[in-house]
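Here TrEMBL flags 11-426 as domain 'Major facilitator superfamily (MFS) profile'. According to TrEMBL, the feature transmembrane segment maps to 12-33, 53-74, 95-121, 181-204, 246-263, 278-300, 307-325, 331-352, 364-383, 403-425.
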Amino acid sequence: MAPHSATEARLTLLRLAAIVAISFGLTLISSTLEPALLGSKIIALVPDRSADAAVFGAVTFGGLLVAVFTQPLVGAWSDRANTQLGRRRPFMQAGAVGVVAGLILIVAADSLVLLAIGLLLTQLGANSVLASWQPVIAEGVPQAQRGLAAGFKAGFDLLAAIVGRLTAAELVRLQPEWGSAALYAAIAVPIAGLLLTLFAAMWAMGVDRSPPKAEAPLTLAGTLRQAFTVDVRAYPAFGWWFANRVLFWAGAIGSSVFLLFAARDVFGMSEAEAQRVIGRLIVVLGVALGLVILPAGWLADRIGRRPMVIVAGLMAAAGAAFAVVNFNLILPAAILIGAGTGVYLSSSVALINDIVPKADAARHLGVANIATASGSALARLGGGALISGLNHVSGSSVMGYQALYAVVALFFLLSAVVMALAPAARPTSSPSRARASATAAD
């Protein structure tokens, strides 16, 4: 798809939705894995109940390390690729193959080592798809429609979260009757979703024949240096967006990824019962997100992205505070956090697409996604250790979870403060133009 200027004709809603639909397939993968599938595998492979939350956090942290390196590298390579299939398609297709292989290995794993390898392969594939698809919004969607595109993306993410977590929970709890067939049925859903949305996105994108970056380095060292470097003087808003993303995403992941263990430890549920309850809770959260996603994207196009990101942080912080005061209030807490996350997803994606230059959007968005991976890693590794450690020392089954939500509330609040202090985004089409603008501003 050829890049658009801000004055070019708007895309049809069908093409816009098809471009963004691959987000559904990618979110379907993560929502199937967490918490239902990976949680069940960890519980089966780790006999010590007091340690399984920490092990879960450590294993998923390893997968996120792959994301940190994969996205900027694949983004940089796809920016300068020149193939018969275009710049982005080869990486998207290869990534899909990796996802399928990784999911099958996760289900078949009979040890933590094999489980970790399967997760690493899945992350490598999924992040290759993400890194090569993500810049299409910056390159091919007019600026006036990026808020709507972000709203579509958030809507697809919401739908995938509901479908993935609900179907995974229902299928995983059938293991006593179905055996491993229940787990293979669970991964069939994200595999089908990814392949269908991949084909839809490639149809909508067309074949990108734009020339690769001529100045891209050819050496491995040069590629690594370029892949992980952003000129923050040219793009001053980037660093603030990055810090905001780390903080908000640490809160969002910390408040959701350990719910399966909380249902078991705090409320005394069996694994099967916890899977069912968490699945139902996801539906409630889905309603909360669904009520705000598209209106928030519409508002972000009209009043600005930053105010919406600030509101999202404050809403989510208020929600987390409910669980700190009384963990029995986890349902209203989750609803407020879910609504805040919906507002955030609709506005933050649009904001970063305003900030990054079109000329090497994939590389910049890959670096931007390090923020998402870093926040998630912080929540998983730190949250798991905090829960297991505090519950063990205190002898309480709830103290670790309440402490986690206190930290989560702080992260959400700090994310709002950071965005309030951030400079306005200055969209540019190339690094040279950005430097010229920065010099003129000085």
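Using the three backbone atoms N, Cα and C, a Cβ is placed for every residue, glycine included.
Automatic, uncurated: that is what TrEMBL annotation is.
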Spatial neighbours of the transmembrane segment (12-33) far in sequence, C-beta under 8 Å, 6+ residues away: 1, 92, 99, 103, 106, 119, 122, 126, 129-130, 133, 136-137, 140-141, 145, 148-149, 152-153, 156-157, 159-161, 163-165, 167-168, 186-187, 189-190, 193-198, 200-201, 203-205, 282
For the transmembrane segment (364-383), distant same-chain residues with Cβ under 8 A (at least six beyond the ends): 56-58, 60-61, 64-65, 67-68, 71-76, 127, 130-131, 134-135, 138, 227-230, 235, 238, 241-243, 245-254, 257-258, 352, 356-357, 404, 407-408
Close approaches to the transmembrane segment (246-263) from elsewhere in its chain (Cβ under 8 angstroms; 6 or more beyond its ends): 34-36, 39, 52-53, 56, 60, 269, 271, 273-275, 277-278, 281, 309, 312-313, 316-317, 319-320, 323, 327, 330, 333-334, 337, 341, 344, 348, 371-372, 374-376, 378-380, 382-384, 387, 401, 404-405, 407-409, 411-412, 414-415, 418
